[in-house]
Amino acid sequence: MLGTFCVRVCSGFRATSCVRTLHSLPGITVAQIDEEVAKLLELKVRLGGDDGKHQFVLKTAKGTRDYNPKQMAIREKVFNTIISCFKRHGAETIDTPVFELKETLTGKYGEDSKLIYDLKDQGGELLSLRYDLTVPFARYLAMNKITNIKRYHIAKVYRRDNPAMTRGRYREFYQCDFDIAGQYDAMIPDAECLKIVHEILSELDLGDFRIKVNDRRILDGMFAVCGVPDDKFRTICSTVDKLDKMPWEEVKKEMVNEKGLSEEAADQIGEYVSMQGGMDLAERLLQDQKMSQSKLACAGLSDIKLLFSYLQLFQVTDKVVFDLSLARGLDYYTGIIYEAVLTQAGVAPVSNEAQNGTNAEESVNVGSVAGGGRYDGLVGMFDPKGRKVPCVGVSIGIERVFSIMEQKAEASAEKVRTTEVQVMVASAQKNLLEERLRLVTELWNAGIKAEVMYKMNPKLLSQLQYCEEAGIPLVAILGEQELKDGVVKLRVVATREEMDIARTDLISEIRRRTSEA
């Protein structure tokens with residue numbers, strides 16, 4: 001609708017005039033304008049441009065984006081927090097190729113398999129871009145005959161999805177995975193994965209969150225006692241997985257009209273998937289007349305009880321809820337499944353739409369920010385002898401986290417530093433370039449993060465202003481008198497305090513002051 005409006009508004013106008021007109025309209029975000037401008041530019045290319053010649057459109061591919069230094073500084077901070085947590089829990093890291101053999105990925109993702117990016121045949125191997133980091137991890141374990149590892153992996157994955165970039169959904173994005181592979185006693189590693197999610201989300205301070213847990217065995221048992229045919233378990237599970245995006249009435253309609261499930265069976269499922277609680281709900285369902293008939297469901301419910309007992313010891317039960325509507329559509333899950341959602345992102349709406357009240361929810365509602373579960377059969381799919389390696393893991397939805405962190409940075413007045421420079425080497429007079437280069441070399445050789453302006457005779461004011469803009473805390477100023485006296489004038493940018501420091505003591509003084517900061 002907006003696209004049609006754009007064409008109508010922009011016909012007869014220059015591009016800059018068109019964009020200016022759109023910016024002045026109420027209820028239209030910058031992201032929407034950028035998207036519509038990109039569509040118009042593509043249309044212009046298809047039509048041959050103004051002179052009938054092909055014109056190259058300078059833009060990123062749909063569902064991708066560039067990151068400026070400020071955004072990258074925020075991302076780096078988030079990555080450091082996550083990696084620190086993974087290492088605190090004893091994980092080591094690996095890497096795998098960005099593309100895999102197509103057959104490695106085929107049949108592992110259920111209905112989401114249609115989102116896999118297939119690559120053009122290069123003459124020999126049919127390849128696809130990796131959809132997640134879990135299936136390549138399982139392939140890695142089977143190929144290298146590894147039966148025991150605790151690993152994290154941070155890398156880009158690719159999905160031919162319909163992007164919603166304002167909510168952190170892209171076609172190319174990072175995943176941060178933590179997995180524990182090996183034969184261990186029930187629910188101990190599973191509970192640690194939930195503890196890790198709790199630690200990361202708490203430390204990033206994104207806002208209030210909930211971690212929903214369920215078990216694939218409970219779902220399958222529920223489907224069985226509600227009268228779902230065995231061959232419809234996975235497809236009905238994929239429909240239940242949409243309950244976080246669609247109301248029950250629409251989910252039921254899909255089950256009955258599209259998936260061919262009886263209305264009676266759908267209504268019984270509806271009763272169960274509305275239930276939420278903790279250990280008490282698991283105990284109640286173990287006594288439930290229908291659920292108690294399924295051995296599979298009872299095994300899952302017993303493990304949920306055990307899981308909550310460990311979560312109490314890990315002090316995270318305040319954020320964890322047993323939710324029977326949680327399904328997670330991926331086919332490879334075999335046991336416990338979980339998903340973390342933000343209940344309130346704690347960011348004031350910043351878009352025009354949000355300010356006008358037309359779409360305030362979208363500015364903070366980014367959906368799931370972490371998810372995972374147990375997948376005991378996936379490694380066996382790749383092993384020639386079908387040997388299984390039990391695995392459980394979690395993936396942090398990092399792009400959605402970035403979206404919130406960026407909004408918080410925009411909403412706050414706090415300046416985001418994009419470099420880590422500790423000191424600027426400056427000169428107060430002309431013809432001191434060589435002395436500045438000698439001093440900055442001394443600092444670099446001592447491991448001090450330092451910078452110098454690339455001019456023969458820069459003005460002192462220009463050098464000081466640069467430090468203020470870049471957030472550099474200290475300036476080491478050289479002048480003819482300082483050189484004679486064997487000292488350096490050290491200036492604290494924030495307070496403008498200056499003191500003469502002996503050249504021999506400068507490095508230790510910089511270290512002392514930057515460590516205090």
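Each Cβ is built from the backbone N, Cα and C atoms, and glycine gets one as well.
Because TrEMBL annotations are produced automatically, they should be read as predictions rather than curated entries.
Here's what TrEMBL has on this protein:
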DOMAIN    34-423  domain 'Aminoacyl-transfer RNA synthetases class-II family profile'
BINDING   Asp132, Leu133, Thr134, Arg159, Gln175, Asp179, Arg328, Tyr332, Tyr333  L-histidine binding site
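Counting every protein chain shown, the Cβ of Arg328 (L-histidine binding site) has 23 other Cβ atoms within 10 Å.
Each of the binding-site residues Thr134, Gln175 was scored by the number of other CB atoms within 10 A of its CB, and the lowest score belongs to Gln175. Compared over the binding-site residues Asp132, Tyr333, the count of CB atoms lying within 10 A of a residue's CB peaks at Tyr333. Residues Asp132, Leu133, Thr134, Arg159, Gln175, Asp179, Arg328, Tyr332, Tyr333 are recorded as binding L-histidine; their most distant pair of Cα atoms lies 21 Å apart.
For the domain 'Aminoacyl-transfer RNA synthetases class-II family profile' (34-423), the mean pLDDT of the prediction comes to 87.
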